[in-house]
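According to Swiss-Prot, the feature transmembrane segment maps to 46-69, 135-158, 175-199, 273-291, 330-353, 369-395, 417-439, 517-535, 575-596, 643-665, 707-727, an assignment based on sequence analysis. Look at Swiss-Prot and you will find 559, 568 tagged as [4Fe-4S] cluster binding site. The annotation chlorophyll a B1 binding site is assigned in Swiss-Prot to 654. Taken from Swiss-Prot, the feature chlorophyll a B3 binding site applies to 662, 670. For 671, the entry in Swiss-Prot reads phylloquinone binding site, with the evidence type sequence analysis.
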């Protein structure tokens, strides 16, 4: 007899209802809960799956390179990056009429194409790619890499090649190899690529597989390196009149500290970036030799943590017991990794626009908007995931005896203070921010705009001034000619930095006023509310006054009922579910702010943002409504244009989003009644009743219905705003 899905759970496979299918899907990746799973097997399966993950990433990137090389216009774009629109790939659609064919035939293409808003053209150009052949070579290399990784994944599932549990638990060796190898050597390799390939290409000298071993990246060769005269590599940098990709105005330096941006490309100097990666490589390769392994020298993580005890005694036993707690809990490790990755992803969003690393990207406004929005949303989802796995750790892996008296136990012991403080902060921020906005709305509605409460962000302006922004007239640190900070850096990076920070042609330290002050606090409200829900969910995951035995019910449970009132909606999963709504809310406000501020600056109309952002109607009318008008009228009986696909996606996104509410508002009983009625009708309908099923139809649990609702809400939300950002920006700037 064929075994039924799911093979990993005998109990579910024997369930006579459709629960078998839905719970099977829901627990497919919860490896810990699978039949016969041992700790060693769990680690081995996860380890092997990493190779598959990397293979998928390589395959995807290979596909990007291949399609641009085959159907794109990379070489034409390289001739004139500011005026040629980069093509992502061709479109073949049997539904296209002649108007659509004409509308989507752009960028010098022969037929309909999609425009690239991902920044890959700028990235590939910056790192030294110039021809479609370069792209094909990269695609082929990644394809081979993906095949090798798939083989490695298969290999590590074979008994002879499965690492042992002790290998996975060897934290010091892993740290050394990841720090020195993963971060250090890869940064060194990237420095090598920048110095040997990207910098010469930026100066009009081609370097390829045919000549990279014979082309010196610097006229002096390696002599200055060996005789300690390293400053030679920083002499004669590219001049301010350098034309990127040509020898006009080019220098010979390879490792510099110029500061600021290349005047033509408005991106960071390639030689500065090479220097940065070299420094990172040195630091991480050193760090990768710090931990004690076979040779009995270096740090022991366990000893460091055991020794971490506050002299005052106010932190109890400090970090005692944390080494084993972290090292034996995959959820703890995943939580830490996701929290770090979430922060880094948000920093990427921030730095990608304020310090653009890729040539000509800063002048491609739609790409800048898309990349900021994309990375902030990704960061939001990753950060909520960090707290989800933190909560699962507390339920499944936390050992109260092993952690008695240490900082982790003390976190749990004073959780009421943490949660109530977060609650106080959110109430304060919410009432005051909304109060200011609403007051200003009322003043405008009553015809007295001069009675608005407008607060200058003086502290933030002071911080900007201390970094060298002269506009506000604060005479402090880098904005003061007499400051030691100014004189110390005068001969190296400071002139380039000061030029950049005081220039109106980039997004470095934008001028801020009362509108920024208000939206900053609105975003702070969103961040603190999201944090409150997530922190409360994790700290109450093991139990609360209302439900002291909560941990016995697992991570996600609908209720302990009937008969035990108030236990619905308090699982740690429910906290995650609620937090995602607030996270989306917050990222929405953040991206609205970024996008509107930049639209105003790019259009040379900063006053629009400054005047309209101080009251809510301004946001609704002058940002959302004004910029969605093209989308709302994107296609009609009289015709369509190249924005019509975004107009349709805008509509479709709203529909997906609205579908979410159907699952969020109606609960299990409604669906059970509906399903039973539909099953009755199906069995009595000719032809339809030829299709039978053995499983008794059972509605999803409340938790699963909430998941379906949340998924639709999130996907619809993201689709709607993606279409809005791309269409409203590309509609104005091309």
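For all residues, glycine too, the Cβ spot is worked out from N, Cα and C.
Features as recorded by Swiss-Prot, highlighted on the structure.
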| residue | record | DSSP (3 states) |
| --- | --- | --- |
| 559 | [4Fe-4S] cluster binding site | coil |
| 568 | [4Fe-4S] cluster binding site | coil |
| 654 | chlorophyll a B1 binding site | helix |
| 662 | chlorophyll a B3 binding site | helix |
| 670 | chlorophyll a B3 binding site | helix |
Contact check, the transmembrane segment (175-199) vs the transmembrane segment (273-291), 3+ Cβ pairs under 8 Å, seq sep 6+: yes
Top partner of the transmembrane segment (707-727) among 46-69, 135-158, 330-353, 643-665 - counted as Cβ pairs under 8 Å: 643-665
Dominant neighbour of the transmembrane segment (575-596) in 273-291, 369-395, 517-535, by Cβ pairs under 8 Å: 369-395
Non-local residues, at least 6 beyond the ends, that sit with Cβ under 8 Å of the transmembrane segment (369-395): 117-119, 329, 331-332, 334-336, 338-339, 341-343, 345-346, 348-349, 352-353, 412, 530, 534-535, 537-539, 541-542, 551, 554-555, 572-573, 575-576, 579-580, 583-584, 586-587, 590-591, 594-595, 598, 714, 718, 721-722, 725-726, 729
Long-range Cβ neighbours of the transmembrane segment (273-291) (under 8 Å; 6 or more residues past either end): 171-173, 175-181, 183-185, 187-188, 190-191, 194-195, 198-199, 234, 254-257, 298-301, 357
Positions on the same chain near the transmembrane segment (517-535), where near means CB under 8 A and six or more residues out: 384, 387, 418-419, 422-423, 425-426, 429-430, 432-433, 436-437, 455-457, 460, 575-576, 578-579, 582-583, 585-586, 589-590, 592-593, 613-614
Subset of binding-site residues (654, 662, 670, 671) lying within 10 A of residue 559 ([4Fe-4S] cluster binding site), CA to CA, in sequence order: none
For residue 670 (chlorophyll a B3 binding site), the number of other Cβ atoms found within 10 Å of its own Cβ: 13
Residues near residue 671 (phylloquinone binding site) in space but at least six apart in sequence (CB under 8 A): 699, 700, 705
Residue 654 (chlorophyll a B1 binding site) versus binding-site residues 568, 662, 670 - nearest by Cα: 662
